[in-house]
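What Swiss-Prot says about this protein:
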type	residues	note
BINDING	172, 173, 174, 175, 176, 177, 178, 179	ATP binding site
């Protein structure tokens, strides 16, 4: 891994010889900067504007060079508000791209796009920084072995398994359990894989970012008493930030994740919420730079921008970055260029269902809508594949019978269909699971269920061996042995009541 050798802390590197320019034009978040002949900065170099505005307030704005215009001018996009900037102000070329702090000291902290901490906990205790612009790993470095990334969550591991070093799309509206699922994954990768997580909040609401931080502290994912024991680093570039910040915050989070993968040789989970906002910010910047828009008004470089981010998210021989990306679908139109370009990179989709959440089935992952390219016999094995297919078939048949049940009732079904419905209801409940991070809310201890245990449990339900057990025994338990123990307890309780 190429680590920028600067020891100047986050944001930008320093040069002994300053290359100075001056602001020639300001159009919103875009600056044109004039430099002396022969002293033009490179594309993606960080420029810093320091000075005072008309009322004497200190200004410190970092920009990134996007275009070389000719006539010794460059066009740069600001990473923070340009309020108070004036023509003629001095601009320093740092001679390097934006660099952000990396390493264990970033865990438990919140950063902005420049790698500056924004959580009022003081400076970050690291002198190692890394530039946010890097090429993707070379073919020779990639790990080509297809392997499943075990999450310990039954419904995910059985029906839509994640690929180690893969990319997963997370679809779900408000209030169906996206945040809790994300926090459980962060918790499980730390405990089962010794891995860490990086969360990139790209263009979402500031309130949601604050809520996530508070919930992480409450559930122990971020350890307030000993910040070094935390399992996640947070990088936020929210809705109120300029488009330059929203466009680059995903790269800041990815750079932190790459260090854990390449130097610490760990498995890393990278969350991006929301990948659509990354595209949206790129579209705004593209228009500000005067590029001709493409389909539906998106930037002509949409595929290139998405590819440059997604291709860096991969498994190497050192470690892996597995990415879970929340995908907003504008107007529910899956053919929109933004989600359509995202789908090309995804290995699996996890769809959260409001109907399941309303029934109290958590995690509310839809077993029929969620998909994975990993669910093939040659990758997961015949036993896993057959069990998953039978679970899906049983769930699909139950879904088809629901209208008949609603109109005529269960008694009008054939004996075979009644058996299918009974097993499907047990499966539906057994797909629920108590989470470690939800212990503080539910009072039930969390459960991590290995893949072999998950397959065994569903095979027993499908075989009919557990037909005599009540369906409530399968609700919010870990493995199948807990379900049988719960059934015995329910039987004892009912006998005592009599």
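Keep in mind that glycine also has a Cβ here, set from the backbone N, Cα and C atoms.
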Provide the number of Cβ atoms within 10 Å of the Cβ of residue 178 (ATP binding site), excluding the reference atom itself.
22
List, in sequence order, the same-chain residues at least six positions removed whose CB sits under 8 Å from that of residue 173 (ATP binding site)?
352, 354
Which residue among the binding-site residues 172, 175, 177 has the fewest other Cβ atoms within 10 Å of its Cβ, if you could check?
175
Rank the binding-site residues 174, 176 by the number of other Cβ atoms within 10 Å of each Cβ and report the first-ranked residue.
176
